[in-house]
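Features reported for this protein in Swiss-Prot:
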type: TRANSMEM; residues: 34-54; note: transmembrane segment
type: TRANSMEM; residues: 65-85; note: transmembrane segment
type: TRANSMEM; residues: 216-236; note: transmembrane segment
type: TRANSMEM; residues: 253-273; note: transmembrane segment
type: ACT_SITE; residues: 304; note: active site, 4-aspartylphosphate intermediate
type: BINDING; residues: 341, 345, 370, 371, 372, 373, 374, 375, 376, 377, 388; note: ATP binding site
type: BINDING; residues: 511, 515; note: Mg(2+) binding site
type: TRANSMEM; residues: 581-601; note: transmembrane segment
type: TRANSMEM; residues: 609-629; note: transmembrane segment
type: TRANSMEM; residues: 649-669; note: transmembrane segment
């Protein structure tokens, strides 16, 4: 699922070519009125090729009319090819998912406690099944008994198994995943054909994809332009009669196709499908295309601190000795107290100790694990003891043993806390040696990412349960714009509503049942696949890898989708305007000599001008397919900067490219005339 599919893989291209021909069916083509106009023109050109006197006009060269027919046919095939290729990529992903839905048996538990083996497809909602090591979970369900590790790699692409148990936030299992160890009893929660995987396949294939509001608005604009250009073309016929100029039906057909926005009309559907495809490449399930587009309008991101901005594991950052001890002695004691500590904090202390270039000898001793009661861990050697733990617990231990508390210890502990860190006090026997500074580490690359989002006009808000001082320290280090300290789940809803009241589009992440109301309230809610079912139902995006930082990726994909559609629309309309001024002077120059002043391209003849424009019109669709599929590339910048850049590249470029392309094609046509 997480693998990236190349745009022009041979098997996808072959299937897309077949599908692009099948899509020529008028019943299908009428769904895209712009391209349907092209198909009507193609059929009229075919009719004029077979019956030159079809409209009782002066006969026109059959070769010329047939050339128009072929070019229009290729235009339709190319437009259909872009859509078929985008759909093919989705189907390829769906097939990969469908491979996990192999025929399997289920061990259903009967009311008397005995088992019966049945086909998984016969399971109904409410049935209870037992799944043991190496077996696949037959359908979506809820763990009601047992504890096991479950391999979800077939669905999420994540190789590390996850622990599932009854109760809490980790009792939901997905059909098609397998039990890696132990056993589970699962209550089926979905009917056959309506599982999470079935819905995922349907969404990836685009079967339930509907046009988004932005697509509908753009489509309305394109249809309006199409009608306007068709009216212009129809008025040309009586104008030509008045000027005693022979304007054939074939030329009118070709001219109409050249001027209506066929480029974006042929690529519009592919852009939308490809946008959904890019989201699935990140292992994110979008419930609708609208949710992806909404991401493009997001201007406020609400992010949890733990797991999203920070790694969530406190890491050793510094050793700070008290005045009565030495740095070397503190490092050795911290190392000894942590060498058998397999927690992330313990491993980070050992790693930091190695970096101090001090001789660290390992003695044999009895490891004392951390408990909630003692709040410390350490090692008992034959002649001494070494511990590390919470300041209060360590001070209490020393006092009870009649030891001495260093006068500067309190200042060291408070200093670490003010920086947003967690202090651990280290002692040897009953002597306090110093403090280990544990720091909640900011994830790599986030500072740059937040800067990029800020340049794009997106505000980041960090929500954390930490106190004001700790929250301020981490917010400053990470580079977020604002923070909400001592934030409870219900406070997130208030933050979302406040931002929405200002007219902002808000996105947030969550995974627990208590996050569900906020996920539903936000304009874009990204739920973790490892989270509760209520969170996943409330959200409109689900991250199969359960990585909260992906919300930023989805926002960028949404912006890229909107930019791609806008850029190619600008390019297409600019193309149409350029073709208008490139073709008309060449066509009417004989009847209206004054038009010669506008004939800056000096095309060979009216016929070659029309054919050149038609060929360019068809080829430009093919050339723009990679951009439609991959999206317009952009770097973090303000909306105004991006708009100006795209207007320059796709607006001005859309005006210049047709003049160059049509002239080159005209020169090639002259070689064969």
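Heads up, the Cβ atoms here are built off N, Cα and C, so glycines get one too.
Note: the Cα of residue 341 (ATP binding site) and the Cα of residue 515 (Mg(2+) binding site) are spaced 33 Å from each other. The two recorded residues, residue 370 (ATP binding site) and residue 515 (Mg(2+) binding site), show a Cα separation of 31 Å. The transmembrane segment (609-629) makes no contact with the transmembrane segment (34-54): fewer than 3 of their CB pairs lie within 8 A, with pairs spaced 6 or more apart in sequence. When every Cα pair among 341, 345, 370, 371, 372, 373, 374, 375, 376, 377, 388 is compared, the largest distance found for this ATP site is 19 Å. Sequence-distant neighbours of residue 374 (ATP binding site) (same chain, six or more apart, CB under 8 Å from its CB) are 389, 393, listed in sequence order. Cα of residue 372 (ATP binding site) to Cα of residue 304 (active site, 4-aspartylphosphate intermediate): a span of 26 Å.
Residues 24, 26, 60, 62, 65-66, 68-69, 72-73, 75-76, 79-80, 222-223, 226, 230, 249-250, 253-254, 256-257, 260-262, 265-266 of the same chain lie 6 or more positions beyond the ends of the transmembrane segment (34-54) yet place their CB under 8 Å from a CB of it. Secondary structure at residue 370 (ATP binding site), as computed by DSSP, is coil.
Residues within less than 8 Å, Cβ to Cβ, of residue 515 (Mg(2+) binding site) and separated from it by at least 6 positions along the same chain comprise 489, 492, 527, 531, 535, 538. Listed binding-site residues: 341, 511. The one with the lowest count of other Cβ atoms within 10 Å of its Cβ is 341. Long-range Cβ contacts of the transmembrane segment (649-669) within its own chain (Cβ-Cβ under 8 Å, at least 6 residues beyond either end) map to 567-568, 570-575, 577-579, 582-583, 601, 603-604, 608-609, 611-613, 615-616, 619-620. Neighbour counts were taken as the number of other C-beta atoms within 10 angstroms of each residue's C-beta; across the binding-site residues 372, 376, the minimum falls on 372. Its Cβ placed at the centre, residue 370 (ATP binding site) has 17 other Cβ atoms within 10 Å. For the recorded site, residue 304 (active site, 4-aspartylphosphate intermediate), the DSSP three-state label reads strand. Residue 376 (ATP binding site) sits 28 Å from the residue listed as 'active site, 4-aspartylphosphate intermediate', taking the C-alpha atoms as the reference points. Here the Cα atom of residue 388 (ATP binding site) is found 29 Å from that of residue 304 (active site, 4-aspartylphosphate intermediate).
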